[in-house]
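Among the features that TrEMBL reports, domain 'ABC transmembrane type-1' is placed at 72-392, 736-1019. The domain 'ABC transporter' annotation in TrEMBL covers 418-657, 1054-1292. The transmembrane segment annotation in TrEMBL covers 69-95, 151-177, 226-244, 250-271, 327-349, 732-755, 775-801, 856-876, 882-903.
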Amino acid sequence: CCNVLIMRGFNELSSDFQGDPEQPAIRVGFFQLVKNCFIFSSPTVSFVRLLQPCVSGVQFRFATGKDMLMMAVGSVCAVLHGSAQPLMLLVFGLLTDTFIDYDIELNELRDERKECVNNTVQWKWNYTGVQDLTLPLNLLLDIEHEMTLFAFYYVGIGVSVFLLGYFQISMWVTAAARQIQLIRKMYFSKVMRMEIGWFDCTSVGELNTRMSDDINKINDAIADQVAIFVQRFTTFVCGFSIGFVKGWKLTLVIIAASPLIGVGAGLMFVAKLTGMELQAYAKAGAVADEVLSSIRTVAAFGGERKEVERYDKNLISAQRWGIRKGIIMGFFTGYMWLIIFLCYALAFWYGSTLVIDTEEYTPGTLLQVFFGVLVAAMNLGQASPCLEAFAAGRGAATIIYETIDREPEIDCLSEAGYKLDHVKGDIEFHNVTFYYPSRPELSVAVKSGETTAFVGPSGAGKSTAIQLIQRFYDPKEGMVTIDGHDIRGLNIQWLRSLIGIVEQEPVLFATTIAENIRYGRPGVSMEDITTAAKEANAYNFIMDLPQKFNTLVGEGGGQMSGGQKQRIAIARALVRNPRILLLDMATSALDNESEAIVQEALDKVRVGRTTISIAHRLSTIKNADVIVGFEHGRAVERGKHNELLDRKGVYFTLVTLQSQGDKALNEKSQDMKTSEETICLSRASIRQRSRSQLSNLVPESSVPINATPEEEDGLVEPAPVARILKYNSPEWPYMLFGSLGAAVNGGVNPVYSLLFSQILATFAITDTVAQRNEINGICAFFVMVGVVSFFTQMLQGYAFAKSGELLTRRLRRIGFQAMLGQEIGWFDDHRNSPGALTTRLATDASQVQGATGSQIGMIVNSLTNIGVAIIMSFYFSWKLTLLILCFLPFIALSGGFQAKMLTGFAKQDKQAMEISGEALNNIRTIAGLGKERSFVETYVAHLDAPYQSALRKANVYGACYGFTQCVVFLTNGASFRFGGYLVEQEGLHFSLVFRVISAIVTSGTALGRASSYTPDYAKAKISAARFFQLLDRVPPISVYSDRGDKWNNFKGNIEFIDCKFTYPTRPDIQVLNGLNVSVKPGQTLAFVGSSGCGKSTSVQLLERFYDPDHGRVLIDGHDSTRVNVPFLRSQIGIVSQEPVLFDCSIAENIKYGDNLREISMNEVISAAKKAQLHDFVMALPEKYDTNVGSQGSQLSRGQKQRIAIARAIIRNPKILLLDEATSALDTESEKTVQEALDKAREGRTCIVIAHRLSTIQNSDIIAVMSRGLLIEKGTHDQLMALNGAYYKLVTTGAPIS
């Protein structure tokens, strides 16, 4: 029975090898440990060494007395449990001796010269010669009675193991759950107290990881792993003790052979290989992510095939590492089995001499010693994952506890500080310097009740000033005062409650509109909310919504348009009834119409409050009481609008730049108004404006209101395995040979039990010569099995790694190609975001391996193992086999559970994680509103459910663990008792009892292992189904098909005829309402209109990113839906507001313009010259080979724009689309880019979308759009003469509606 446990251990070990590629470190650790244990000198030393890491108190800092008690009880149970297996060995040795003695007696009786008298074997009296010598009085054993006794021992040990196992696990897990609950609370509340500067240095992603993964790591290190470690370590110590006490000679011989295992283990650098493979894939993943994030650019320039090749190139190296890993895994698994079988041969050969020749041991002692040492080594090996968990837990705990111990520099939850009785609202900056030591200090005074406007170029320090007032940061020198009090002396929560802030990118929380407004002031009545909404001009649009104030705004306010979000944010600021109002670019992100409404709301609420407004638009600034001009971190001028214009300083330059052309030099207010329409200098503020750049082209609120990411996953039917295998069919020879290898490996276990029982049988042979020959034969057989096993393991490892890796690569490539072939509308669906798709490529493709590849090997292995074992057992004793088969399901269950258990178990704290994620992402808004406490409370409330479920789980888990551990004891008890009956009543040879029991029990664990793969298998089928769903989808606009019209003399004549269109993700919003407009070859058409009126949409219809729902787009008289997609796109060049560059050199980015041919360097240079780019590139150290960085991050906006223009020029397009191509630039860059564009436009049909008059005036046709319709068209002069919308727009800057 014990050999059963050993085989089971080794099986686990070998499955460890072939299975999960994600735990490399553990695997290496195991062998490191086996090595240590074999080269081990004194038990005490190594015990201390091993325990050092886990005893480290750092992890148990938060344990209460009750927790300590539970952990102590758990540990005592673990020690007792650990001694059970060695204890069973003693029983097993006695049992073996009993059987052998019985068999020897039977053999004696077969001798005709002997007889049995009164249960004594003696010479027959009538046998002449030696009558006087009676044999030693040997009572013939009552084998059934003896076996009943042994069965009781087994059951006794089994039951106590169940109880001990249950307590040991449930105590530790419960204690851990309690501590983790506390750590989570403390960590989150401490993070929410940190000053904003700390968040600038710590990414939100990192904090989210810490909240989930790191805390789970601590949990793993202080929960069940400790108990299991103590238990296994005890087994290790007891096992070796039995070995040395019962037979030190054999123990030393076995230990002497063991360094070989250690060597194999030490050489196993699989961990490193997995790292390499992941690294290799990381590159390919980065390519996929980059391409999917810029899918519109890829589609516009027809780069799909090129990108698939680039992705595939990066997959090759990942595949190579995967195959290498397979070979090395196979080699070392084979090596391990070889050494193990050689050890068996050596131990039995040497042990048998000690039993037969010198008679120092009984056969039972031989088994006790041999298995004692093996069990000890196995358990030490299995204890190693625990050490990994401890190390990981310590690492995680150090980081978490550092944060918990850190004192925030500005503690927003502290009670300290004054609260003034009466606040006027005078704010002054006294010689403030902050973070930029080279910058001069700032001194500004803001009077109470006045509106002060801060203006100046980006990075001049305007936002910083506002953040200093909120005390997000403290100045390095100088001070900020309110009513003469230094704000550092005031209570923070109280100070922030005086301030209302409206930002450029307002943050809304994922709850209702009413709740969002209520965040401004807790406990505010519905009446106040309504009043605030009315003041903020938000009431009407809220009442139009079906659920009114109870409408959910979606994640990050995603369901609301920009203007709606702004107005809700203003209502939230007003409901606080603030003394001080800070407006940071509150209207810059809006179109004219929304801006006018929001501006009106702001003008209403400024009255009687101290207001600081940062803005770029004149309309917002002109009415301020005082305007302060900023430059390089200091206030350089202050005064009213007209005074500052006369001074011709910072403000004057800003105003002139904004005004149309240079005509604004005459300060006629008439001309001043024109500028209102122009979209001002965009600013890159210190604040992370994360959400806005998601995609400039995906329309607002592209998230459908009710869709949930889980919707689709539930509907996937698992894919048929046949289809998965079809993709793997080119590798069938590998799979065939791999399966052969696996089948042979599966036969090893039953053969082992055959040899093992044969050895026991030899001990009962009375003829010493025959006995010796038999033993030598069996040992030679052991060696042979080891050698065969070595080669077949290698074969299995290599063959399946090769077929699996080739399949993964093939699927990734096909999948990526299928993704790039989808129409653009498919990418608008949030389920197909770049992140989701990249993850799908990374995980789904490798999970499909779970149904093929090494998994097939595992399954074949287990099936042959079970098959051979059962056939063999039925052959030798069908009755005993049937009895044991009753226990088989339980053994299989326990094997499966054990495989599950090694992985620990995760927590469901998803809701709590969502809350913490939202809080950390929007920490500035929460700090500004002083809402830290309420978020901490919500978080803690949500932690309760996972905590309760962890406590319930502790009991279930404990019971399962106990059951797993005791089931083998019970099986053995029953089988040996029945075996005793068969030996006595039916004359079954005792060695067959051992043979059947060990064959079936080892195959049972194999069955368990096989069943533990079923989840992988199921996962593989689901992943494959998702994959096939993607491959089978036929996009309505196909990039890869050759169908459709192509023609030679492409002119570029474009007509939109009655086009109607809605975006597929928002079917309820009509974007185009019957657009009619045409442009002749070589003409320039300009679209003008407020945002959301369908200007960009019409361009996307022309590119065939979408097709119109109704009406037609004609190109040279051909209906666009009938034109070949790659052909059409190859005739169009596009330059958009935020050009997307790829992470490669400038030259490669320009060459991307034409992916259908090889482009020479001369062409690149001439295109760069046309785009006014050449001189700047030549000034760079690496010239055209300069890498532009991810998303072009190494370049300024103007430089990126010019590269994009060169890229559009190089394809020599007949149609040029300029979508707001200069709106993001400052005046100087704009001039250069504008010149480049004017050059590029020559002789091409051109469509321009712009807000600045300077860009539009010279167009052949100006089309004024509103609500998806054309309301006016003509040249600049014709439209001015019409006195219509365009005239109003130019003269007054009034919104077009």
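Note that Cβ sites are derived from N, Cα and C of the backbone, with glycine treated the same way.
Automatic prediction, not curation, is the source of TrEMBL annotations.
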For the transmembrane segment (226-244), which stretch among 69-95, 151-177, 327-349, 775-801, 856-876 has the most Cβ pairs under 8 A?
69-95
What stretch, picked from 72-392, 736-1019, 1054-1292, has the most CB pairs under 8 A with the domain 'ABC transporter' (418-657)?
736-1019
Grab the same-chain neighbours of the transmembrane segment (151-177) for me: Cβ-Cβ under 8 Å, and only residues 6 or more beyond its ends, written as numbers and ranges.
63, 67, 70-71, 73-75, 77-78, 80-81, 84, 87-88, 91, 219, 222-224, 226-228, 230-231, 947, 950-951, 953-955, 957-959, 961-967, 969-970, 972-974, 976-977
Six or more residues out from either end of the transmembrane segment (775-801), which same-chain residues have a Cβ under 8 Å from its Cβ atoms?
18, 322-323, 325-331, 333-335, 337-342, 344-346, 348-349, 352, 356, 734-735, 737-738, 740-742, 744-745, 748, 751-752, 755, 758-759, 762, 853-854, 856-857, 861
For the transmembrane segment (69-95), give me same-chain residues lying six or more residues beyond its boundaries with a C-beta closer than 8 angstroms to one of its C-beta atoms, as numbers and ranges.
1-2, 5, 60, 63, 147, 150, 153-154, 157, 160-161, 164-165, 167-172, 174-175, 226-228, 230-235, 238-239, 241-242, 246, 362, 364-365, 367-368, 371-372, 375, 379, 965, 969, 976
Report the mean pLDDT of the predicted model across the domain 'ABC transporter' (418-657), rounded to a whole number.
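Residues in the domain 'ABC transporter' (418-657) carry a mean pLDDT of 77 in this prediction.
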